[in-house]
Amino acid sequence: MLAQCLLLAHVIGATVLFGTGASIAFFMVAAHRTRDPKLIAHVAGTVVVADTLFTATAVILQPVTGYLLARIVGWDFSEGWIALSLLLYVVTGRFWLPVVWIQIRLRDLARWASTSGVPLPDEYFRLYRIWFACGFPAFFAVAGILWLMLNKPSLALIQLPRR
(Lines of atoms letter the chains of each structure in order from A; the text may use other names.)
(Lines give C-alpha, C1' and ligand atoms only; values in the text may rest on other atoms or scores of the structure.)
Protein backbone atom coordinates (compact mmCIF):
# COMPACT_ATOMS: atom_id res chain seq x y z
CA MET A 1 0.00 0.00 0.00
CA LEU A 2 2.82 2.43 0.83
CA ALA A 3 4.54 1.64 -2.47
CA GLN A 4 1.32 2.36 -4.35
CA CYS A 5 0.89 5.69 -2.56
CA LEU A 6 4.49 6.66 -3.29
CA LEU A 7 4.11 5.61 -6.92
CA LEU A 8 0.98 7.72 -7.25
CA ALA A 9 2.70 10.73 -5.65
CA HIS A 10 5.72 10.25 -7.91
CA VAL A 11 3.61 9.99 -11.07
CA ILE A 12 1.57 13.04 -10.09
CA GLY A 13 4.78 14.97 -9.42
CA ALA A 14 6.22 13.97 -12.80
CA THR A 15 2.98 14.98 -14.48
CA VAL A 16 3.02 18.34 -12.71
CA LEU A 17 6.63 18.96 -13.79
CA PHE A 18 5.94 18.08 -17.41
CA GLY A 19 2.51 19.70 -17.65
CA THR A 20 3.39 22.89 -15.83
CA GLY A 21 6.56 23.28 -17.87
CA ALA A 22 4.73 22.84 -21.16
CA SER A 23 1.88 25.13 -20.09
CA ILE A 24 4.18 27.86 -18.85
CA ALA A 25 6.12 27.76 -22.10
CA PHE A 26 2.92 27.95 -24.16
CA PHE A 27 1.49 30.93 -22.30
CA MET A 28 4.79 32.81 -22.16
CA VAL A 29 5.36 32.36 -25.90
CA ALA A 30 1.77 33.39 -26.68
CA ALA A 31 2.09 36.52 -24.53
CA HIS A 32 5.50 37.36 -25.99
CA ARG A 33 4.16 37.18 -29.54
CA THR A 34 1.76 40.07 -28.77
CA ARG A 35 4.65 42.39 -27.82
CA ASP A 36 2.15 43.98 -25.39
CA PRO A 37 4.05 44.86 -22.19
CA LYS A 38 0.88 44.90 -20.06
CA LEU A 39 -0.21 41.44 -21.21
CA ILE A 40 3.31 40.03 -20.91
CA ALA A 41 3.64 41.47 -17.40
CA HIS A 42 0.38 39.83 -16.36
CA VAL A 43 1.19 36.43 -17.88
CA ALA A 44 4.78 36.46 -16.62
CA GLY A 45 3.51 37.33 -13.14
CA THR A 46 1.18 34.34 -13.23
CA VAL A 47 4.00 32.15 -14.56
CA VAL A 48 6.27 33.13 -11.66
CA VAL A 49 3.53 32.19 -9.18
CA ALA A 50 2.80 28.89 -10.98
CA ASP A 51 6.49 27.99 -11.09
CA THR A 52 6.78 28.70 -7.38
CA LEU A 53 3.65 26.81 -6.34
CA PHE A 54 3.68 23.85 -8.67
CA THR A 55 7.05 23.34 -10.32
CA ALA A 56 9.19 24.08 -7.26
CA THR A 57 7.04 21.83 -5.08
CA ALA A 58 7.29 18.97 -7.58
CA VAL A 59 11.04 19.54 -8.01
CA ILE A 60 11.51 19.10 -4.27
CA LEU A 61 9.15 16.14 -3.86
CA GLN A 62 10.24 14.11 -6.92
CA PRO A 63 13.61 12.99 -5.53
CA VAL A 64 12.02 12.22 -2.16
CA THR A 65 9.22 10.07 -3.56
CA GLY A 66 11.59 8.48 -6.08
CA TYR A 67 14.12 7.57 -3.42
CA LEU A 68 11.52 6.13 -1.06
CA LEU A 69 9.80 4.23 -3.85
CA ALA A 70 13.07 2.73 -5.09
CA ARG A 71 13.99 1.65 -1.56
CA ILE A 72 10.62 0.04 -0.87
CA VAL A 73 10.36 -1.70 -4.25
CA GLY A 74 14.00 -2.78 -4.14
CA TRP A 75 15.36 -1.02 -7.19
CA ASP A 76 19.11 -0.56 -7.14
CA PHE A 77 20.20 3.04 -7.67
CA SER A 78 22.97 1.83 -9.97
CA GLU A 79 20.41 0.50 -12.46
CA GLY A 80 21.01 2.29 -15.74
CA TRP A 81 17.54 3.73 -16.14
CA ILE A 82 17.63 5.20 -12.63
CA ALA A 83 21.14 6.61 -13.07
CA LEU A 84 20.20 8.16 -16.41
CA SER A 85 16.98 9.56 -14.92
CA LEU A 86 18.98 11.22 -12.15
CA LEU A 87 21.44 12.65 -14.68
CA LEU A 88 18.57 14.05 -16.76
CA TYR A 89 17.03 15.47 -13.58
CA VAL A 90 20.26 17.39 -12.93
CA VAL A 91 20.29 18.58 -16.55
CA THR A 92 16.71 19.78 -16.14
CA GLY A 93 17.63 21.67 -12.98
CA ARG A 94 20.64 23.29 -14.62
CA PHE A 95 18.32 24.81 -17.22
CA TRP A 96 15.31 25.43 -14.97
CA LEU A 97 17.07 27.43 -12.24
CA PRO A 98 18.26 30.21 -14.58
CA VAL A 99 14.82 30.20 -16.23
CA VAL A 100 13.18 31.05 -12.90
CA TRP A 101 15.37 34.14 -12.53
CA ILE A 102 14.82 35.06 -16.20
CA GLN A 103 11.03 34.79 -15.82
CA ILE A 104 11.13 37.14 -12.84
CA ARG A 105 13.28 39.57 -14.81
CA LEU A 106 11.01 39.34 -17.88
CA ARG A 107 8.02 40.09 -15.65
CA ASP A 108 9.78 43.07 -14.09
CA LEU A 109 10.92 44.47 -17.45
CA ALA A 110 7.41 44.10 -18.90
CA ARG A 111 5.88 45.78 -15.83
CA TRP A 112 8.34 48.65 -16.16
CA ALA A 113 7.58 49.07 -19.87
CA SER A 114 3.85 48.89 -19.22
CA THR A 115 3.81 51.47 -16.42
CA SER A 116 6.26 53.73 -18.27
CA GLY A 117 4.33 53.56 -21.52
CA VAL A 118 7.40 52.52 -23.50
CA PRO A 119 8.14 49.50 -25.69
CA LEU A 120 9.84 46.47 -24.23
CA PRO A 121 13.57 47.12 -23.83
CA ASP A 122 16.29 45.23 -25.70
CA GLU A 123 17.21 43.42 -22.47
CA TYR A 124 13.75 41.84 -22.45
CA PHE A 125 14.25 40.36 -25.93
CA ARG A 126 17.76 39.16 -25.11
CA LEU A 127 16.56 37.42 -21.96
CA TYR A 128 13.53 35.99 -23.75
CA ARG A 129 15.79 34.31 -26.34
CA ILE A 130 17.83 32.74 -23.53
CA TRP A 131 14.63 31.66 -21.73
CA PHE A 132 13.29 30.13 -24.94
CA ALA A 133 16.55 28.29 -25.67
CA CYS A 134 16.76 26.88 -22.13
CA GLY A 135 13.28 25.42 -22.43
CA PHE A 136 14.15 22.84 -25.06
CA PRO A 137 16.79 20.83 -23.20
CA ALA A 138 14.78 20.99 -19.98
CA PHE A 139 11.58 19.85 -21.72
CA PHE A 140 13.26 16.97 -23.55
CA ALA A 141 15.13 15.92 -20.41
CA VAL A 142 11.84 15.67 -18.50
CA ALA A 143 10.27 13.79 -21.43
CA GLY A 144 13.25 11.41 -21.31
CA ILE A 145 12.82 10.89 -17.59
CA LEU A 146 9.15 10.05 -18.10
CA TRP A 147 10.06 7.55 -20.81
CA LEU A 148 12.67 5.95 -18.56
CA MET A 149 10.22 5.77 -15.64
CA LEU A 150 7.58 4.10 -17.77
CA ASN A 151 9.82 1.67 -19.65
CA LYS A 152 12.62 0.97 -17.15
CA PRO A 153 14.96 -0.23 -19.90
CA SER A 154 17.99 -2.31 -19.06
CA LEU A 155 20.89 0.08 -19.52
CA ALA A 156 24.48 -0.68 -18.58
CA LEU A 157 25.58 2.91 -18.02
CA ILE A 158 27.57 2.49 -14.86
CA GLN A 159 28.79 -0.44 -12.87
CA LEU A 160 28.77 0.36 -9.19
CA PRO A 161 29.79 -2.27 -6.67
CA ARG A 162 26.79 -3.98 -5.13
CA ARG A 163 26.33 -4.02 -1.39
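Using the three backbone atoms N, Cα and C, a Cβ is placed for every residue, glycine included.
Here is what TrEMBL records for this protein:
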| type | residues | note |
| --- | --- | --- |
| TRANSMEM | 6-27 | transmembrane segment |
| TRANSMEM | 39-61 | transmembrane segment |
| TRANSMEM | 81-102 | transmembrane segment |
| TRANSMEM | 130-150 | transmembrane segment |
Spatial neighbours of the transmembrane segment (39-61) far in sequence, C-beta under 8 Å, 6+ residues away: 9, 13-14, 16-17, 20-21, 23-24, 27-28, 30-32, 93, 96, 100, 103-104, 106-107, 110-111, 113-114, 120
Spatial neighbours of the transmembrane segment (6-27) far in sequence, C-beta under 8 Å, 6+ residues away: 43, 46-47, 50-51, 54-55, 57-59, 61-62, 65-66, 68-69, 72, 135, 138-139, 142-143, 145-146, 149
